[in-house]
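A.B. asks: Reproduced below are the annotations present in TrEMBL:
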{"type": "TRANSMEM", "residues": "28-47", "note": "transmembrane segment"}
{"type": "TRANSMEM", "residues": "53-75", "note": "transmembrane segment"}
{"type": "TRANSMEM", "residues": "82-107", "note": "transmembrane segment"}
{"type": "TRANSMEM", "residues": "144-167", "note": "transmembrane segment"}
{"type": "TRANSMEM", "residues": "173-191", "note": "transmembrane segment"}
{"type": "TRANSMEM", "residues": "198-216", "note": "transmembrane segment"}
{"type": "TRANSMEM", "residues": "222-240", "note": "transmembrane segment"}
Amino acid sequence: MSDTIESTVMAEPEASSSSAILTGMKRGFPIFLGYVPLGFAYGVLAVQNNIPAVYAVLFSLLVYAGAGQFIAVGLWGMGASVFSIVFTTFVINLRHVLMSAAVAPWFAPFTRFQQFIIGWGLTDEVFAMHSMAMATGEKARLPLVYAANFTSHSGWVLGTFIGAVAGDFLPDPKLFGLDYALPAMFLALLVPQCKERLYTLAAVLSALLSVILAMYDTGRWNVIIASVITSTIGALLVTHRDRNIDALRRKA
């Protein structure tokens, strides 16, 4: 009897981990599907700009920078220096500092190394996925987070591989509308989060401000500046609203 109880108790963590991994894969699968055509477009552009296919795949595997990789390919094709490519990619991805700070409390129970691995796999879409889970009050589980990140990343790498192999035989990927895959997927992740008027207002304001800043030749800083300004305004409004609600409750 004791052996049966012991075996059951020992099997519970394994079953729990397996369930978490499966849930993470399910969550990451829509992003996987969206990343395959994106990675395909990047792979095609990379080989058409004289980047060897193996380097294109390694870039997606190790750097995993999304929009930054597209910019890097364009700069490479223009003959830009390695320093300018690295610096530009760094600037474009500065928004990840904001995203990491936003979800850091959710990952606080994990070790620094585990947080590093999670942060390395944090993209715009993965951030949106984890933010929605965090907003529901769900407790972060490491196997689930790893599985979701890995599944999403796999789509990007797989798409890059296919695009790099097929790149020599295809024309401009813009002819197929692949250049719009990233904005389309991000919009699909944004809309479900706009459940309140305040969130919708913040999203619209951020988009308008980003466009206005882009018109004044701010480079890639327009997204970062717009995000900081609108998130600050949103945080102040939420704080003000919550204080008013608390005051009304005290009076009641």
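Using the three backbone atoms N, Cα and C, a Cβ is placed for every residue, glycine included.
Give me the structural setting of these features: burial, nearby parts and distances.
C.D. replies: Packing against the transmembrane segment (28-47) from elsewhere in the chain are residues 53, 55-57, 59-60, 66, 69-70, 73-74, 125-126, 129, 147-168, 170, 173, 178-179, 181-182, 184-185, 188: each is 6 or more residues past its ends and has a CB under 8 Å from a CB in it.
If you look at the transmembrane segment (82-107), the same-chain residues 6 or more away from its ends with a CB under 8 A from one of its CBs are 63, 65, 67-69, 71-72, 75-76, 114-115, 118-119, 122, 124, 127, 130-131, 133-134, 140, 145, 219-221, 223-224, 227-228, 231.
The list of residues near the transmembrane segment (222-240) in space but at least 6 beyond its ends in sequence, with Cβ under 8 angstroms from a Cβ of it, reads 94-95, 98, 198-199, 201-202, 205-207, 209-211, 213-214.
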